[in-house]
Structure formats: structure tokens, C-alpha cells
Amino acid sequence: MAIPAKLTRCSGMVMLCLFLELLLAASARNILYSVPEETDKGSFVGNIAKDLGLEPQELAERGVRIVSRGRTQLFSLNPRSGSLVTAGRIDREELCAQSSRCLVSFNILVEDEMKLFPIEVEIIDINDNTPQFQFEELEFKMNEITTPGTRIPLPFGKDLDVGMNSLQSYQLSYNPHFSLDVQHGPDGPQHPEMVLQSPLDREEEAVHHLVLTASDGGSPVHSGTVRIRVQVVDVNDNPPAFTQAEYQTSVPENVPLGTQLLMVNATDPDEGANGEVTYSFHNIDHKVAQVFQLDSYTGEISNKEPLDFEEYKIYPMEIQAQDGAGLMARAKVLIKVLDVNDNAPEVSITSVTTAVPENFPPGTIIALINVHDQDSGENGHITCSIPENLPFKLEKLVDNYYRLVTERTLDRELTSEYNITVTATDQGNPTLSTQTHVLLLVTDINDNPPLFYQDSYSIYIPENNPRGASIFSVRAQDIDSNENAQITYSLVEDIIQGAPLSSYLSINSDTGVIYTLRSFDYEQFQNLQLRVTAQDSGNPPLSSNVSLSLFILDQNDNTPEILYPVLPTDGSTGIELAPRSAEPGYLVTKVVAVDRDSGQNAWLSYRLLKASEPGLFSVGLHTGEVRTARALLDRDALKQSLVVAVQDHGQPLLSATVTLTIAVADSIPDILADLSSISTIANPEDSDLTLYLVVAVATVSCVFLAFVTVLLALRLRRWHSTRLLQAAGSGLEGMPASHFVGIEGVRAFLQTYSHEVSLTTDSRKSHLIFPQPNYADTLISQESCEKKDFLSVPQSLLEDKKETFSQVIL
């Protein structure tokens, strides 16, 4: 008979179902089958697939298997038919001895759902055992004066079968002096007794031979016999008598071998041989007889084999006392075995998961565990535990089953492997325990992005770096494992001065090494801001960014650039004017230069490299101002030639030179006269050209004087005068204003100091230099050049120049 259970399927793979339903075995009846004993291997027991609500092919797919505790596997599953079949020969008597009903219990485990279904199979007895007596022949001695009606207990027959197949009846062979009477005891077995029907006469027949037959109720009927020999003896009127009708004792199961457990005592008041009492076992199971030893003279009972509470809790036996004349008495002996905690709990792992992802929710089933203790009472009461510091817990199920589940979400980065110790402890004294280990691997998921070692990085490289050189290396770490920790580096695309970032830099995707793709110029830009992305290879991929600041360090790669004086484009040399009346320290002109480098590389110094008249002029070391070093003398030449060198402070030092021509005269006519004496006219056209130049100079001077007069009259602010000078000298638009740039980048606008009229010594190639601003400082920034700001003119210089141009006009 099979009772199918309603099952709920769980759709998972080898990894366990996340939310396991409560096991139905606690509330549903067991599935019950029956099978006769001694059937052949593979005999059909029941359709387990049908009763579980499964198809036969699903047994293997869903991991359906038999789990049993501590015994040979008696049954197996046929995966093709879905049937429960016998795994071998089954002997009911070996399994259940004399129990009226023999049930074999085990569980069916549905692996993918981690569900247990209790199964019971009743082993049906067949008549495969013959009734047997302990002895093949018995001998009794009876006194000839024994009165009729005396009862002589006969030995019990034993039949290992049960029910109708067990021992059912006794028969005694015919004898006119004896008959058989069978008594039914309160505990069930039949007690055969031989009853004396008529007086015995030793002289008539000294020995009587009888046969006692025991028969079962099986089909066919089996029987066993014992031969009985009754010897008739002379008169003995006092049988032995035990001091107690029943002897009882309790001994622990671990009592040493040979220990005296009990002593029976019977007395006989007769004398001589009639009073000598001997003891023997009567109606005792052959297994019990193998465990105990009886001293036939003292009545002392001892153990010759170890006692086992798990096998026998009580050893029943009957002791017979017989005197020399053959009179007998019997007493019942019960030896109770006390359980001691001599069996450690047994722990078996029914099902286990060896690996679980770290993102599985709490309650995930890791293992199904069964515990068992062969002891009884407190000695067999088991508690199962695991260490408290683990993210797992044990949940009690039915039939001493536990399930090991996760108590919280696991984190592989904290612990990648757990060796879970499961301890089963009984309640005996002393307690015994057994440990087993469950090894669980926590598999990785991509739950951690790569992280850089710093929040940001600063990189410093000199300008003019070689292309393709590595300049820096970034590195990120991902605490995940395998492909989830494989990091790829990339640059976040950006536009730098109209060009993509990828045209400036590249990064090795595997190592994070950054390379330059072009040579950087500090004068073009001083820094770059970029971001590097580190991305793992997980699914989905995770990434993080880090900021990099790339600073370009200036190198001394620019020669100082002279802004003033500006050399004419036709190759001639401009002339500066110095009046002969100039006092020492008179500002003749100023050399203005700028260096596109920065810092120390842009610090400029001026020095007089060469002079046609040594000692006449000096050059300011930091200002570049050309001043008279002494008063001009009549003997000083009209034309003075100076070579001024401008040098920066970089490493290596870079420099530039400019040649200045200074005309020494008090007025332009004097210059022209002196120049005429110096210069030789090559043809008549040169004279006309000089005249045109003189007229042009005079006209320009008049216009300039008019503007100066208006400016002085209106007393406008300095910026008005700057705008008017811009309109008057349109040739100044190409001249950038300079400013001083120190280490700290401080800027100071330069101011004009003079306006000069210069002529070349060669009147045919004369070049008119319109009034231009000179600079009081040494550096001009690129920014100010782009803005094309004009410089203001000090009033004192305007007044000096007014007098000069008045003389020219006159």
C-alpha cells in the first residue's frame, strides 16, 4: 500500500532552492510498502515515482535517492521504471527477531528541493524457520513413589518466524504413564509440561523414552523434536527449593568480563546425594547462553561476553536446581542491563553544497545533516551545533535531521572559504561528541569596482619631451577575483585646444602606463587636466575614475627676443639722437627685450658688449636703459655704435645682441649737416631724396607739436594722451607694450620716456623712424602684446621733446 505525498517542485539547478518549503514529512503520513522476506534481488516493492508525483526519468534529474542510517542498504531505486526494488536478500528474523511486525524505515531525498519523504516497508514473514529445542535429548530422574499428577516442565521450542508461521503446538509421544499439558503464560509463549498419569514402578520399567514434538502453523508445517529419557529412581522425598521464586539484578553494560552478576541458591533437606543440588540453565535462548556462565555447584552467574544495552535491555533466563535423586526446582532470573554512554553520536552528511555565490540571500541551504546515537535516554539525546562566529545556523527538522543554512549574506572579499565544524553532543555523563566538517567555497560576483590608490595624481614633465616616452603609471586594485578583477585602463576623451586628448597622450590598457604622443611646449600650455578610467571585466562591468593633473615644466628653449629698437625691414640701421649738451646719466634710448620662457629662464640682463667710444655710454643691467656715462665732448664722434647683449638666466644661458647707432648733435639740422659732410652723394637723385625726407620730418614734427599743445592745454588724464599718441603715431600699433614678469608673475606696465628722430648716415637710404615709445622695464608678456595697449607718456618727457622738435622746425 502506498500513500502518495503532495510535492512542491523547486526550479533551481544544482545550487539549492532559495526558499525551501517546510518538509511535508512532519505532517503527512509515511509512504508504506510491504514485501515478503527472502525475495530475489530486484524484486518490485512499490512505484515510488508515482507516489512522489514524479515521472521515472525525473528521479535522476532531480537527484532522488535513498538515505538511511547505519544499516546495509536493503532497497534501491530503479531509475528506468521509477520503482523501489530490493537490493538483496532480506531476512526478517535477522532484522526484527521476534517482533510481531517488522518495519524498515528510511527516507527518500529529493536533492534539488532538499526534501525528505519518510518511507516504511513492512517485511512479511514466510515460514522459513523450523521450530527447534535447545537440547536434542533430555534426561529426567523420577522417584518411583512420585504421585500421579506431578508436573515436569519441558523445554520450550523456538521458532524464529512470527504469526502463524511461529510455533503453534506441542505433541508428546504415547506413553501410558505420561501425558502432555500445555500452559499459556501471561507473556504469550506456551509452556509444555509432562504430567505423570500413573505411578511408576522401577522394578517394572526403569527407563521411559518419549519424544516431544513442536510444530508451527505454516504451510507446509515445520516441526522440531527433543528426545526425553525418564529414569525411575528410588525414593527421594524432598526436592530442592530456591530462596526466591525470581531473581533480579541490574548491571551496567560496560561491566568487565567474568564479573559475578548474580548468585541463585536452592536448598535440599535430604542427606547425602539426595541433598546435593546442582544448577543448570533451563529454557534459555542460545544467544543468551553464549553471554552468561552458570557455576553448577555455587549458582553463581557471570558474564563471559560483553553486555550490550543496544542489543538486549533485559536478559531473561530460567535456572534449574536438581538434587542427586533427580528432584528439581526452577527459578526465574532477570538481568537488566543499564545503559552507559559508550556510543558517541554518529553524524552523516546527507546532502551538501560545496560552493555558493556570495550574493545568495540568507536562508540558503548548504547541507542536510543526520545525527544518531545508539544509546538511550539522556545518553542518546543529541544536540547539534556549529561555532557562533560563522554566518550560518542549524535548523532542526524531523527524524534527527538538521539543515545548515546561511544566516546572513556572505562576502567573498572578507572570507572566501569556510570550514564549518558540525558538532553532535549527547547528554550522557561524561558527554560524548562527534565532529564533522563541511567545506564551503564562496564564489565571487562582480560587486566591487576597481579603486585607485589615490584620489588624484599630479604629474610633472619637462617641455620638449620625446614622443612616445612613458611619463607616469596609474594603478587600481579590484578586490574581486578572476575576470572580475581583471582591470582595463583607458583615457576619458576630451578636447584640448581644439584637438582630442588621444592625440596628446595614450595609455596602456593592461598596465596603466601613460605615454606622450607629442612633444609639449610650455609656451603653448602649462598644464593638462585628464581622467583615467579603470574598468573590470565582470558582468556587468564596474569602473571608477581618477583625475590627473599634468604640469609642463619650462625649459630654457627660447632666446631673448629684442622688441626695441626694431630694425628696419630694408636692412638699414636706425639712429638714436643724443644732444651734445646731455649731462652724465642722460637717457639716450632703451633696449627692450622679452623671453617667452618663464621663471628664471625669463630673467633678462643687459650689458654693453662693444662700443665705438668706450666709457661714453652705459647700459642698465636690469633695465636695458642706454645712458651717457659722461658729458659729451666736441671731440666725440657724431656717430656712435653700440652692441648691446641681452642674456637670460636659464640653463644653458641664451642671449641675443642688437647694434645701436647713436647720432651726437643738438638738432636735426646739425645732424643733417654733419651727415652731409660724412656722406658722399652718389648721384643727384640722393639730394632730392634727402630734401624730401627733411620736409617730411618737419611736417611730422609740426603735427606732433600741435597735438602736444592741445594735450597740455586741456590737461587731460594720462589715458587721453595715450590715445592721442596712438592716433599720431599709427606706426606704433605693431609695437606691443611690455611688462615685467618675475618669479611670482607680477606685471608692471612700461611707460614711454622719449621720442626720437633718427636718420641713417646714408641719406639715399635714409629711414625715418617715427616717434615710438621706449620702455622702462625689461620684459613684455605675450598677453599684453596681444592686447596692443599703448603706454602713457610722462609730462616731463613731453615737454623735453617739445623743445627738441621746436629746434628742428626752426
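Using N, Cα and C of the backbone, Cβ positions are placed for all residues, glycine too.
Residues annotated as signal peptide in TrEMBL: 1-28. Here TrEMBL flags 75-133, 134-242, 243-347, 348-452, 453-562, 579-686 as domain 'Cadherin'. The transmembrane segment annotation in TrEMBL covers 689-714.
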Helix, strand, coil residue numbers for the domain 'Cadherin' (243-347) per DSSP?
10 helix, 47 strand, 48 coil
So, by DSSP, how many helix, strand and coil residues make up the domain 'Cadherin' (579-686)?
18 helix, 40 strand, 50 coil
With DSSP, how much of the domain 'Cadherin' (134-242) is helix, how much strand and how much coil, in residues?
3 helix, 56 strand, 50 coil
The domain 'Cadherin' (453-562), counted residue by residue under DSSP: helix, strand, coil:
7 helix, 52 strand, 51 coil
By DSSP, what is the split of the domain 'Cadherin' (75-133) into helix, strand and coil residues?
5 helix, 28 strand, 26 coil
In the domain 'Cadherin' (348-452), how many residues does DSSP put in helix, strand and coil?
4 helix, 54 strand, 47 coil
